[in-house]
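Features of the protein shown, as given by Swiss-Prot:
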- 113, 115, 119, 200: Ca(2+) 1 binding site (BINDING)
- 61-75: disulfide bond (DISULFID)
- 76-87: disulfide bond (DISULFID)
- 104-199: disulfide bond (DISULFID)
- 173-191: disulfide bond (DISULFID)
- 83-200: domain 'C-type lectin' (DOMAIN)
- 58: N-linked glycosylation site (CARBOHYD)
- 128: N-linked glycosylation site (CARBOHYD)
- 167: N-linked glycosylation site (CARBOHYD)
- 1-15: topological domain 'Cytoplasmic' (TOPO_DOM)
């Protein structure tokens, strides 16, 4: 009976050791995961902030909810308009499409990419009906294969062309423009025509 008791005690001890070892391994994995997550989250955020500060003198941040223990802040350059996960800048200069994109890149952004109707509605509220504004949408080959500047898929269900547009293959760039009786909509235009433009960049989250 004593031997059986000792054997049972040894068996329980082994189980306990295995459980402790397993718990230790899980804890180690959790710690490593937290360190990696912190590095990528804060490291990338710091890098992005550094990049933005080379183009913009100040940032404006807005509370956008909370994590488990802290608030989430979404930040945009001071003169930019925040919406969703992006920041938008309406250029007052008129340039060719390529120059407009170059100017956006110089600010750490790109010509605007419109993904939803709510985004389109927000953007047109910021615009002057007198002007036409370049979008980050073009048809480089003039064959109807429209492409967004950031490689976002050109969605069939997210298009806001004016009626009967696009209608001319030589007009290989897109703009958003207000037409009397029709309101705001997209229009294909010559890329070397001069227009205002809209830049977009992702918010910085702190």
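Here the Cβ of each residue, glycine as well, is placed from N, Cα and C on the backbone.
Positions of the features from Swiss-Prot, shown on the structure.
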residue: 58; record: N-linked glycosylation site; Cβ contacts under 8 Å, 6 or more apart: 77, 78
residue: 61; record: disulfide bond; Cβ contacts under 8 Å, 6 or more apart: 73, 74, 75, 76, 206
residue: 87; record: disulfide bond; Cβ contacts under 8 Å, 6 or more apart: 76, 77, 80, 81, 109, 200, 201, 202, 203
residue: 104; record: disulfide bond; Cβ contacts under 8 Å, 6 or more apart: 89, 110, 111, 197, 199, 200
residue: 115; record: Ca(2+) 1 binding site; Cβ contacts under 8 Å, 6 or more apart: 152, 155, 158
residue: 128; record: N-linked glycosylation site; Cβ contacts under 8 Å, 6 or more apart: none
residue: 191; record: disulfide bond; Cβ contacts under 8 Å, 6 or more apart: 96, 97, 98, 138, 172, 173
Fewest Cβ neighbours within 10 Å, where candidates are the binding-site residues 119, 200: 119
Output field, Ca(2+) 1 shell: CB within 8 Å of site CB centroid, site 113, 115, 119, 200 dropped: 86, 112, 114, 116, 152
Chain-internal residues, separated by at least six, CB under 8 A from residue 113 (Ca(2+) 1 binding site): 135, 136, 137, 148, 149, 150, 152, 200
Pairwise CA distance, residue 167 (N-linked glycosylation site) versus residue 119 (Ca(2+) 1 binding site), rounded so that it is a whole Å: 24
Secondary structure content, the domain 'C-type lectin' (83-200) (per DSSP, counts of residues): 19 helix, 38 strand, 61 coil
Cβ neighbour count within 10 Å of residue 75 (disulfide bond): 22
